[in-house]
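For reference, the structure discussed in these notes is given below.
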Amino acid sequence: MNLSNISAVKVLTLVVSAAIAGQVCAAESIVNYESANAISKQPEGSVRFIVKYKDGTPSSQGLKTRSTTKVMASGMQVAGFEAQFVRTTGLGAGIFAVPELKTTKEAHLVMDTIASNPDVEFVEVDRLAYPKAAPNDPSYRQQWHYFGNYGVKANKVWDRGFTGQGVVVSVVDTGILDHVDLNGNMLPGYDFISSAPNARDGDQRDNNPADEGDWFDNWDCGGYPDPRREKKFSTWHGSHVAGTIAAVTNNGVGVAGVAYGAKVIPVRVLGKCGGYDSDITDGMYWSAGGHIDGVPDNQNPAQVVNMSLGGGGGCSQNSQRMIDKTTNLGALIVIAAGNENQDASRTWPSSCNNVLSVGATTPKGKRAPFSNYGARVHLAAPGTNILSTIDVGQAGPVRSSYGMKAGTSMAAPHVSGVAALVISAANSIGKTLTPSELSDILVRTTSRFNGRLDRGLGSGIVDANAAVNAVLGDQNRAQPRPPVNQPINSGNKVYRSDRRVAIRDLRSVTSGIRVNDQARVGSANITLTLDIRYGDRSQLAVELIAPSGRVYPIYHDGKRQPNIVGPATFSVKNERLQGTWTLKVTDKARGVTGSIDSWSLTF
């Protein structure tokens, strides 16, 4: 046993000895029980835990001396299971593998044992995420999704000279192919897959983000006897996503990209059987310029991070904190809402704060039948019959090709590409946009769906031309909309609810205010004033839902401090003002409760 092994044993021994001594401080630790719900569907031997120790504690100091890349064999025991220290993360948490663990009940026992150590800040299962796409008819059609009636109108922006030039977008996905329509727009990336069997390239983390294929044989990835988990061919998912964002254009070959003047950083986090939460968030953070121990720093920080991936359950502690760190670096994080035809609050990372969650639409401007929906979806983009870059290989790469896919995975890169177009337009006039400003522009300049949708997909379909007009201050050139009543900007009419609503663990609650004496449809400056009493506001997601069903995320600082109290002012355009406005608050973790004490709207 080398020194690293000895130190690793000492770190986990603190956990075990605390449990034996009866020093139960679980109330001070966050235990994410929900993260264990899908363990029975994972491949055998794949269960890992993320353990974050409180800063300055002996356990935290012990982790700081660990290697981030080398898996260390050891004989550690936790609740009767052998555990192996894997590495530390960009958050400073430790990853521990428990190969013999098989059930949710066993995972709860292990987490409770770990949480009994007073040094522990939170513990959760290192969940697996998967690409959010499904194969579709590979025959060639027009790329309607760029310029059709319900496309993103990228062609109108290209005609004005904005192509995403000078902007860097990272694609956190399955890696990248050697492809004639991609190579010219690729920057150096990295492979963050820490599991050698999943990586398929003979090692773990390295500087080669090449896609080795994510194919698998019958039930290699768990889920027996579910026929959906039978063998699958390689998806070339990351390359399809990258091609939508920035395929080389005007080269007489293949397809175009939304922001073909931008550059892409490929970050490989998904391999055979998906990828771990901890690898995904490390890759995300690194791509935006964050430092990860054991990995060379990225010299081309991304302004937009595309993550067309996800898994079941609410946002994890690890995901939310790494998302916040990435956003603080100045990157907008664009997420696929998911393909389960369910409320997006039930999947991650679309259920996290500080992300832009994207649903999928059809060529007719309707919700794609597979697309997730609900208050967590901020806007939509084309997600069916999307033509982009792939390979003909069913296992490993064989020859460059093109094919159509469907999914919210295909919708998200349209938004990432449009975000790059908007940033390049802002750069042309010396304007710098924060992630929240960029998100706001994309959400409030969307074009309309084709009639009323069966389920909510946010504000509308992303509109590149209208978004660029907004950042340039040329609203008169935005895409026309139906006539609306004149703007309302009185600023002196207050609507208030003093009905107290309890906030309980892992649930969403709502409170409504009825507005009857404003224009039916119009534009307004609205001040939302909140009085939410809660012990840890980092665990809350807050949204305001208009009578039309449009969702306005209410961003707060995300700090681990109590209460959300005070005003937030924002503008709405062509919005339905009459009807019931709904405040929705979602509790994302166990251990803390509170209440909506009151809230008000001022028009």
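Glycine is no exception: its Cβ is also placed from the backbone N, Cα and C atoms.
Features as listed in Swiss-Prot:
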type     : residues  : note
ACT_SITE : D173      : active site, charge relay system
ACT_SITE : H237      : active site, charge relay system
ACT_SITE : S409      : active site, charge relay system
DISULFID : C221-C273 : disulfide bond
DISULFID : C315-C352 : disulfide bond
DOMAIN   : 143-468   : domain 'Peptidase S8'
DOMAIN   : 478-603   : domain 'P/Homo B'
REGION   : 197-221   : region 'Disordered'
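On the structure: features taken from Swiss-Prot.
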residue : record                           : contacts (Cβ under 8 Å, 6+ apart)
D173    : active site, charge relay system : P131, H237, G238, V241, A242, P266, V267, R268, V269, L270, N306, M307, S308, L309
C273    : disulfide bond                   : Q42, P43, S46, L128, N198, F216, D220, C221, G222
C315    : disulfide bond                   : W348, P349, S351, C352, N353, A541, K588
Averaged pLDDT, computed only over the residues in the domain 'Peptidase S8' (143-468): 92
Secondary structure tally of the domain 'P/Homo B' (478-603) (DSSP, helix then strand then coil): 3 helix, 71 strand, 52 coil
Where C315 (disulfide bond) sits in the secondary structure, as DSSP reduces it to three classes: coil
Local backbone state of D173 (active site, charge relay system), from DSSP in three classes: strand
